[in-house]
Amino acid sequence: MNPQAKLISTTSLLLGTSITISSNHWMTAWIGLEINTLAILPLISKTHHPRAIEASTKYFLTQATASTLLLFASMINAWFSGQWDITQLTHPMSCILSTVAISIKLGLVPFHFWFPEVLQGSTMTTCLLLATIMKFPPISLFYLTSPSLNSTLLTSMAIASAALGGWMGLNQTQTRKVLAFSSIAHLGWMTIILNYDPNLTLITFYLYTMTTSAIFLILSTTNTLKLSTVMTTWTKIPPLTTIFMLTLLSLAGLPPLTGFLPKWLIIQELTKQELTATATAISLLSLLGLFFYLRLAYCATITLPPNFTNYMKQWQTNKPTNPLTTIFTSLSIMLLPFSPMVLTLS
């Protein structure tokens, strides 16, 4: 891809995200989302592969539909209340339409169908952007409108996302699709607490972004696209394989790693709200995700590939590790003891 075109796309991506998360008016938030959509399309389709073109087409159609619904919801709210302020979402129809629109943009169940396919057709770097930065503007809109949203609808979508993200990730052999369904399951955790403690939704999103970024950077460094190739990457950078296992377990939410913090706080808050059944259901559904994280960790660190006569181990690479990989993996593994400070800052 042309360096100038890549620079324009990246700058537009940051600009669109900044406009949306800092706006109070529905129209400026919508403009930011549109800039985001148009900026990411060249990055998805830059490989000129049929799968990449298909992914960019699916992404464009779903995001255009979601933007149309969001604009329609804001116009209905302005028509009945005279308010274009994002926090003044009062009309019931506008609340439902905006929830549906933002859910499509995020990839929440039952509007998840586009997300795994788009990630499968994109490069690792683009997947990292789609799974992290591109979710920040819709999450911020959810945060601003959280007092007006229907808690029953959000809880139903959250439980369905956690269930489907876990079930569908069990039989995947492509690492990008595994992380796509992992993202859908984590979105369920963020959504279920949105009505009761929106700050906790943001904490969960930040920690998810950090851990997922670490995993995508590791997979990009070792050029791993399938589970079968995960087994052969330990010879490239052996220390990174161990860190990869710990980061996966952190994403699964196992103590004493960082990923345990948001799940612990969400379960605690749901219990305080006397939603013990909901907390129990989403906790049990997280075990589905734990299985495929453990399978990835098992393939990466314990399983050896078949040793045929003509099999050659991969050479240890001299490629320097991205400094961001070191930072994100360290934070993904060792942040739990600092949880009181994280809660104080929030």
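Please read every residue number as a count from 1 along the shown chain.
Note: Cβ is positioned from N, Cα and C throughout, glycine not excepted.
Annotated by TrEMBL as transmembrane segment, the relevant range among 26-44, 178-196 is 178-196.
Taking TrEMBL as the reference, the stretch among 124-143, 324-343 described by the feature transmembrane segment is residues 324-343.
Note: the stretches the transmembrane segment (202-219) and the transmembrane segment (324-343) are in contact (3+ CB pairs below 8 A, sequence gap of 6 or more). Here the transmembrane segment (59-79) has long-range neighbours at 26-27, 30, 33-34, 37, 40-41, 44, 88-91, 93-95, 97-98, 100-102, 104-105, 111, 114, 118, meaning same-chain residues at least 6 beyond its ends whose C-beta is under 8 angstroms from one of its own.
For the transmembrane segment (324-343), the residues of the chain that approach it from at least six positions outside its boundaries are 203, 207, 210-211, 213-214, 217-218, 221, 240, 243, 246-247, 250-251, 255-261, 265, judged by C-beta separation under 8 angstroms. Within the model, the domain 'NADH dehydrogenase subunit 2 C-terminal' (290-342) shows a mean pLDDT value of 71, rounded to a whole number.
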